Amino acid sequence: SSGPCCDRCRCTKSEPPQCQCQDVRLNSCHSACEACVCSHSMPGLCSCLDITHFCHEPCKSSGDDED
């Protein structure tokens, strides 16, 4: 099973930092998200409103295998 991941994460410069994932996903949020909000469109565009002290790993694979 894939763990939580986030490609676009923003953090404040405070200590500890306050980070939020700004990814938009179809119909769901990452697996660790507690506050997931989705639009009423089809498919739903969902974003996670959680504030954490860290960023999850990026979702995109590190290797360029999109050929």
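From the backbone N, Cα and C atoms, a Cβ is placed for every residue, glycine too.
Summarising the annotation, Swiss-Prot assigns disulfide bond to CYS5-CYS59 (among others). DSSP assigns CYS59 (disulfide bond) to coil, not to a helix or a strand.
Taken from Swiss-Prot, the feature disulfide bond covers CYS6-CYS21 (among others), and the record attributes it to similarity to another entry. Around CYS21 (disulfide bond), the same-chain residues six or more apart in sequence whose CB sits under 8 Å from its CB are CYS6, ARG8, CYS9, HIS30, CYS33, SER47, CYS48, ASP50, CYS55, HIS56, listed in sequence order.
Swiss-Prot lists CYS9-CYS55 (among others) with the feature disulfide bond, giving similarity to another entry as the kind of evidence. The Cβ neighbour count for CYS55 (disulfide bond), using a 10 Å radius and every protein chain shown, is 17.
Listed in sequence order, PRO17, GLN18, CYS19, GLN20, CYS55 are the same-chain residues six or more apart from CYS11 (disulfide bond) with CB atoms under 8 A from its CB. When secondary structure is read from DSSP and collapsed to three states, CYS11 (disulfide bond) falls in the strand class. For CYS11-CYS19 (among others), the entry in Swiss-Prot reads disulfide bond.
The disulfide bond annotation in Swiss-Prot covers CYS29-CYS36 (among others). In this view, CYS36 (disulfide bond) is surrounded by 15 other Cβ atoms within 10 Å of its Cβ, with every protein chain counted.
In this structure, CYS48 (disulfide bond) is part of a beta strand by DSSP. Marked as disulfide bond by Swiss-Prot: CYS33-CYS48 (among others).
As annotated by Swiss-Prot, disulfide bond applies to CYS38-CYS46 (among others), with the evidence given as similarity to another entry. Packing around CYS46 (disulfide bond) is summarised by its Cβ count: 18 other Cβ atoms lie within 10 angstroms of its Cβ, all protein chains included.
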